[in-house]
Number of protein chains: 4
Amino acid sequence: MSSDLISLRRDLHRRPEPAWREFYTTARIAAELESRVDLDELYVGSDAIASEHRLAVPDDLELAEWYEQARATGVDETTLESLEGGQTGLVAVLERGEGPTVGLRVDIDGLPRPESDDPAHVPAAEGFRSEHEGAMHACGHDAHAAIGVGVLEAIAESGEGLDESRSSSEQGSDVDFSGTLKVFFQPAEEVVGGGKSMAKSEHIRDVDALLAVHVGLDHPTGEIVAGIDGFLAVRHLEAEFTGESAHAGGHPEQGRNAVQAMAAAVQNLYGIPRHNDGRTRVNAGVVEGGSAANVIPEEARILAEVRGETTELMEYMDRKARHTIRNAAAMHECEVAFTTGAEAPSATSDQELVDIVADVAGRTAGVENVLERDELGGSEDATFLMRAVQENGGTACYVGVGTDHPGGHHTATFDVDEASIDHGVDVLSGAIERISRTQT
Amino acid sequence: MSSDLISLRRDLHRRPEPAWREFYTTARIAAELESRVDLDELYVGSDAIASEHRLAVPDDLELAEWYEQARATGVDETTLESLEGGQTGLVAVLERGEGPTVGLRVDIDGLPRPESDDPAHVPAAEGFRSEHEGAMHACGHDAHAAIGVGVLEAIAESGEGLDESRSSSEQGSDVDFSGTLKVFFQPAEEVVGGGKSMAKSEHIRDVDALLAVHVGLDHPTGEIVAGIDGFLAVRHLEAEFTGESAHAGGHPEQGRNAVQAMAAAVQNLYGIPRHNDGRTRVNAGVVEGGSAANVIPEEARILAEVRGETTELMEYMDRKARHTIRNAAAMHECEVAFTTGAEAPSATSDQELVDIVADVAGRTAGVENVLERDELGGSEDATFLMRAVQENGGTACYVGVGTDHPGGHHTATFDVDEASIDHGVDVLSGAIERISRTQT
Amino acid sequence: MSSDLISLRRDLHRRPEPAWREFYTTARIAAELESRVDLDELYVGSDAIASEHRLAVPDDLELAEWYEQARATGVDETTLESLEGGQTGLVAVLERGEGPTVGLRVDIDGLPRPESDDPAHVPAAEGFRSEHEGAMHACGHDAHAAIGVGVLEAIAESGEGLDESRSSSEQGSDVDFSGTLKVFFQPAEEVVGGGKSMAKSEHIRDVDALLAVHVGLDHPTGEIVAGIDGFLAVRHLEAEFTGESAHAGGHPEQGRNAVQAMAAAVQNLYGIPRHNDGRTRVNAGVVEGGSAANVIPEEARILAEVRGETTELMEYMDRKARHTIRNAAAMHECEVAFTTGAEAPSATSDQELVDIVADVAGRTAGVENVLERDELGGSEDATFLMRAVQENGGTACYVGVGTDHPGGHHTATFDVDEASIDHGVDVLSGAIERISRTQT
Amino acid sequence: MSSDLISLRRDLHRRPEPAWREFYTTARIAAELESRVDLDELYVGSDAIASEHRLAVPDDLELAEWYEQARATGVDETTLESLEGGQTGLVAVLERGEGPTVGLRVDIDGLPRPESDDPAHVPAAEGFRSEHEGAMHACGHDAHAAIGVGVLEAIAESGEGLDESRSSSEQGSDVDFSGTLKVFFQPAEEVVGGGKSMAKSEHIRDVDALLAVHVGLDHPTGEIVAGIDGFLAVRHLEAEFTGESAHAGGHPEQGRNAVQAMAAAVQNLYGIPRHNDGRTRVNAGVVEGGSAANVIPEEARILAEVRGETTELMEYMDRKARHTIRNAAAMHECEVAFTTGAEAPSATSDQELVDIVADVAGRTAGVENVLERDELGGSEDATFLMRAVQENGGTACYVGVGTDHPGGHHTATFDVDEASIDHGVDVLSGAIERISRTQT
C-alpha cells in the first residue's frame, strides 16, 4: 500500500496547484480512488462543495491558465468539466453497514512559492520537484491527500474483510469499521478559502464525528498530537481607498490623498487595543497606492487580516479594523470600499475524540510519542468543518502527525518524511474504526 | 513651410515615445533636418547628450522593446545605432557668421498614457491618433519638435537671404541673424530626466542666450508669455525598506515590519515643516509593500518627490525627507536604501530676454496678446540648461506660446491648435535674430 | 514732552499686564490723558470695546487676581469699575474742527514671561524692571502706549496753536491738524484677542484713515517702515477629546483612548496639504492628555493655530484642521469639542497712506532711513481694525518705527531705545496732520 | 478584637496618604502595635526598607507638605524622624520559638483621588470620610493595615496561650504557631514603588514562606481566593523630548517639534507587535507638550507603562518602547531622555501554599466560598517580595479576601465590608500557623 501512496504523493508534489486551481490534483485523486477503492459515492468539484461559499477565488484569467495546464496533462475531461471556474475538491463516501458517519478532512492545495533546486532537497534529488515554476507543495498537503486515499483504502478493506462470525476481540482493533466514512479532500486551505464551501455543503450535515489531520508542525516522525487546539479565528479584509489626484507641484490642495489615508490607517490598525480575553492579531500584509511621483495619489489599497483566539475576538478586531480604516479614509476625504476575503473561525478538539486518538496512537506501530494536546498558534479553515459538525451535536478533533521536515513550513526546502504517511493512515483509520464502535 | 511642420507634428503625434524611448522621434527629426535645412552640424543620440547624466532611464527590456518598434518602421539604421540603450535627442547647429551663440531648447518625448478615441478628438478624427497603445503626445512636445525644426529653417533662410548691401533698416526685423544657432531637441522631459544630460554636454558651454518654449499652459492661441517663471526645483527619491517577515498569526514579534515603517514615514513626510522662504512640496506618489495578508511585511517602497521654490528649498525638503524616512525605518528596525531619481533645479527668466521676446511678440502676425510674465507652478528640466547658461554668464528665458487645447495637459483629449506652431516659429526666430543683433 | 513719555513708559514697563488684565495700565493711561490732554471724549473699558467680541479672555479667578493687584496700587476706583471682568482698553477722542476722522491704534498689553534681572538689561539697571513676577513688556507695547499719549498731546497742541490768520505755508507741516483724532489703546494684542472687540465697537465706524504702529521688528533706531504687510490671518482652535478610561493592564479593550486620537490628529494636522495660493501654517502648540500611567487616557486636548497668507487660506487650514481632528477622534471612538479662540484676518497697507508716511518720515528729525514696505511674516490683530476701516471705504496703514532692541521680541532681554518714542510721535502726528489736510 | 481593628481602619481611612507620604499612617500603625502587641522587633521607616530602592518617590516639596500635615496631628516625633524624606513603612517581628519564618505583606498607601461625599457612601455617612482633600483609601489598603495588625495580635496570642501540656489536637487549628512571623507594612504600592525597597531589605532574606493579601477584587464578602495569579510585570517609563522652539507663523522651519515627535511615538508605541508568548501591554498614560499656540513646541513628555505576562515580555515591551520613542525623537530632530519609574515583576502563587490557604479558608467561620485560583490581570509590586522569597528557595502566595464593595476599586465610592477584616485575619493567621507546623 505505502508505495502506491508514495507514488501518489510524489506525483502531486510534482504538480502543485495553489488555491482553487487544484484541477490536476482533483482529477488525479479521483482517478486514483476510482482505480483502487470500491467507493459508494464520489462527489467531484461542483458536487463536492457549496460553490457560492468559496472565498478568495482568483480571477478568471488565472483560473483558465491553470485549467488549461491541467488539461494538457491528459486528465479525464469529464472530471475537468465539473471543476470549471475553480470548483475543485472531492468528497469520497464509503458505506459499511450500520453505524455513525465519520468524516476525515484532508486539504490538497499547494502554495504560490518557488521550490528549492538544491540537490540536498529530496524532491530535487529524486526527481519529483515542482514542475510548476513558482508553485510548491511546501506544507505537506500532498501527503495529506495521500493519507486521505490511504485511509479510504484501509477502511474499505477492513469493511470487506469483516467476518460476522468472528468476535470483535479476535479482530484487530482497526479492522472492523461499521458505519459511513466520508473523506473531504478540501481545496484552498492556504488562503483559508475552501473550508467554508465544504462546511456549507450537504455532505457535512450527517457527520457525527470529524477528524482533520496535518503533518509536521515541528513534530518529528513518530510523534502524534491527539488534539491540536489554539486555532486563531481569521478574516481577510481588503480596503480600497479612492481620493482624487492632483498635480503634486501645482495644486497639492486639490488632491484627496489616498496614500495618506492608507498610511494613517496602517499606523492606527496596529494600535487597536489588545484585548484582555485573549490573543488578537492584525496585519496590513499587502499595501499599495499611487501612480506617479508627481501626482497626489488617488488610489490605495490595504489587504489586511485580523485574528482572534476566539471568533468573538476576531470579530472585535474586524470591527475595530474597519472602523479605523473608515475614519482614516474620512480624515483624508477619501472613500473606502471593503471586500471581505477568506476567513475561518476558531475551534477546539473535543476531549472524547482526543482520548480515542491518543489511545489508538499509543498502540500504533511506528508511533513513539503521543502528545495529548498542542497549540497551533495560527489559523486553519478545517475549523469551519469542525464547528459545523459540533453545532450539529457531533464531535471533532484535529490530529497532528509528526514528520521530520528539513525546512520550515512554507519554505523552499520543506519536505515530509514519507514514513509518516503510513503513521497517518494507521492512526486515523484506527481511530475512525474505534469511533464507529464507540458511537454505535 | 507650415504644412510641412504640420505633417511632421502629426507624424510624431502618431508615434509618441515616452522618456528615453524617443528612437523613432529622434531618427525622424534627424531625417527631416537633413532633407530640409543646411545644417553645419547635427549631433545625434550619444553625441548630443552626456549619457552618464541621464536620469530616470527605464530598464533594458523596456528600452529594447521600443527600439525594435522604431526599427520596424524602417528608420535609418545608422542613426538608430547611435541611440542604443536609450541615448536619444539631438543638437542641430547653424553657423551664420559672427555673433553670439543662441540656443533654443525644445523637448520631444511623449507620455505613458492612452489617447482618446472620441471622434471629437481631432487626432482621432483626422487619423493621426497614437498608434502606440498606452502612449500619447498629451503635452504638445510634438508641436515643440516641429517648432524647433521650423526655427532652424527660418534662421537658415534668413542668413542665406542676407544681403550685405542692404541696410539693416530695409530688411525685416526677423531676417538678419548673425551668429550661431543651436537647437536642443531634448529627450525625457516628462520624467525630468533629460535636461541634466544636455546641460552637462559640451554643446551648452558656448551658448550666450537660451530660449526654451512650451505651448499651451492654459494660454489661448494668439497669446504669448514672454517670460515664464515659478519653476519649482524638484527631485525624485526612492526609498526601499527591508525588514523581516514572520507569520502574522504565529509570531508577529519576530517580524520587522516594513509596511509599518513606510506608513510612519508617509505620515511624517507630509508633516515636514513648511518653510518661510517659499513654497515647498513633498509627495509620496507611489507606495507598496508586503507579500501576503498573513505575513508581516518584509519589504516596502516609497517613490517620493520633493520640490522647492528655490533649489535650496528643494534641498531642505530632500534632507528632511531622507531624515524622516531613515528614522521611520529605524523605528521599526528596518533598513532603508535610497535611490535618487530625476531632478531639476529652479530657474528664472532674465528680464533682458523677456523684454526682447515681449517686443518681438508684439510685432508678430497672429499674436493678439502678450503677457510679460506668468508662473508655471510646476517643474521643468529646461531649468538645467537655463542655469548652465546663466552660470556661464549668459541669459535664459522660457517662452509660452498659447494654443487652444480642448483637454488639459496630460489628459486623453489634449491637442494643440496647429496655428500656434507658426506663432512659435515666428516669435522665436524673431527673438533669436534680435538677440544676435543686440549682443553683437 | 519726551521726559514725561519716558516716565510713563517706564511706569507701564514696571507693571506689565497680560491680555485682558490691563487694569493698572488702562487706569494709568486714563489718568495721564486727563491730566495732560484736553480731550473731547475718553471712552474707558466697557465703553471702549464691544465686550461680546473679546477673544481669549482668561477665567474669572485669573482676572480677579490682577484686578485686585491693580486696585492695591491705589488707582482710581471709578475707572477700575468700568474695567470689571476684563473689559480693558481706551478710546481717546480729540475734535479739532472740520476734516476727516483719523484713527491711531496702539496696543498696551504685556506678556506672561519673566524679565531678565541681568544688570546689563537697562530696565534692571535703571530700576524699572517688571514688578509682576512672570510678566514683562517684552514686545514694546509700553512704548506704544506712550506714543499714543504723545500723539494726542502733539495734535492737541497743534490744533490749539492754529492761527487762522496765518497761511498754511507759514505753519510747520505738522502743526495744523483739522478734523477728528481717535486713538485706540487696544488691549490683548498678544493673544490676538482684543482687535476684534475694538473693530466691532462703534468708535471705528467713522474712521476715514487708520494708522497702526509697532516699534522694533528688527529695524534699528532711526529707521521707519512706511507700510508693513505680510500679515498672516490666524485663528486659534482648541479641541477637547473625550474617550473612556479603562485599566491599561486589565482591560485595555474597554478604553476609548483620547491620547491615541490626539496623536493621530497631530500627525495628520501637520500633513494638511500645502496650498498653491500662498503660505499656510498649522501648529499643535500645546497638547496634553491622560491622567496616570496605568489608565487608558480618557481626555486629551490640542490647542492649535492655523494661519494663511490670506483670510481664505486661513479658513482652508481651519476647515482641514477641524476635519482632521474630528476624524482622528472618530477613529478612536472619542468625542471632540471645539472652542474657537482668538483670531485675526490678513490685511494690507494702502499705498495712499504708505506714501504719506514715507514722505513725512523722510522729513522727520532723527529718521535716517525710510523703507517703503516690509513683511511682518506673523499675525497681528490690528488687521481687524484695518479691515473694518477699509471695508467702510477708508484707508489703513501699519507703520514700523525702528528701535535698537538688545534682545529679540518676546525674549527676557527685550528693551526699546527710548529715542524711538519721539520718532514715533513725530512721524505719526506728522502723518495724521498730513492726512487731515489731504482728505479735506 | 474586631472593634479595635475597625477603629484603626476608620482612622486610617480618615487620613489617607498616597505613596511615600504615609507619615501619619506609619506612625499610627507603630503606635497601635506598640500598645497592643508584644513584638520582638519593630523596624520603622528607614530601618524597614532599602531606601535606595524606592521607586517613584515624589519631590521634596510634596513630601514636606504631607510630613508637616502628619506632624500637626501630634504623632510621635521620634517615629516621624525616622520617616524623613519619604522613608515610610514598617516591619513587625514576632519570634515564637523554633520554626520557619513566615512573612505577611500588607500595603498601606492611599490614592490621590477625591472621595465621594454622597450620604449613601458609608464613610461619609458615618463620619470617617477622608479629611485629606484629593486623597482617598479607594483600594482597601486601610483594611489591609488593620488585617496586618490583627494577624500579629492573633499569632502573638496563639503563641502566648500555647500550653505545652496540651496536645495539639486539643488546641484550635490556628492557635499554635511556632517560628517567626514578620509582617511587612509596605508603602507605595499604588505607584508600584515600594515593593522593591522591601524586597531589597535584609528583612526578607530569611523568610521561608510569604503570604500577601488583597481585599475585594470583585469577590464578595465570604469568598476567599487561595492563590491569585496573572500578575503582569510592569514598568513605568518617562520620556522627555527636547526640540527647539520657533515662531509658528514666521519660521516653522527653524523649529524642532517635540509634539510631532511625541505624537509619532504614541502612534507607534501602540503598534508594537503583539507577542506570541503571552499578554503584553503598553499605554501612553499621560502626555503633554508645548507652551503656546503660536510656538513650535520645544518640549513634550510621555509617561508610559509597559507590561508583560512575564517579566521577559515586559522587558520586550520596554525595549521596543524605548526604541520607538528614541527613533520618533530622532525623526523630528529632538533629543529624548528617559526616566525609569516604578516597576514590578510577574510572579505566581506556589501550589503548596495555595493548598494550605484553601484548606484553612474552608474551615474558617464566615467563609462561604473558596476559589483555588483567580487571575489578577493587573500588576502589583508584592511580586518583588514573592520573587525574592521564591528565589531564596521559599514559597509565596497571594490571597484574595472577598469584600462587598459598592464602588469599583479606585472609584470615589469604593468601600469595604468591615466583616471581611475578620475573615482576613482568621484565614491568614490560620494559614500562617499551619505553615509553621507544615514546614517544621
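Glycine residues also receive a Cβ, built from the backbone N, Cα and C atoms like all the rest.
No curator has checked TrEMBL annotations; they are predicted automatically.
Cross-referencing A:His405, A:His410 with the Mn(2+) binding residues that TrEMBL gives (A:Cys139, A:His141, A:Glu190, A:His214) picks out A:His410. Under the three-state DSSP scheme, A:His214 (Mn(2+) binding site) falls in the strand class. Cβ neighbour counts within 10 Å, taken over all protein chains shown, single out A:His141 as the most crowded of the binding-site residues A:His141, A:His214, A:His410. Contact annotation for chain D: of the listed binding-site residues (A:Cys139, A:His141, A:Glu190, A:His214, A:His410), none places its CB atom under 8 A from a CB atom of that chain. Summary: among the binding-site residues (A:Cys139, A:Glu190), the fewest other C-beta atoms within 10 A of the C-beta are counted at A:Glu190.
Same-chain neighbours of the Mn(2+) site beyond A:Cys139, A:His141, A:Glu190, A:His214, A:His410, judged by a C-beta within 8 angstroms of the site's C-beta center, are, in sequence order, A:Asp107, A:Asp109, A:Leu111, A:His137, A:Ala138, A:Gly140, A:Glu189, A:His409.
Helix, strand and coil content of the domain 'Peptidase M20 dimerisation' (A:238-327), in residues and according to DSSP, is 32 helix, 29 strand, 29 coil.
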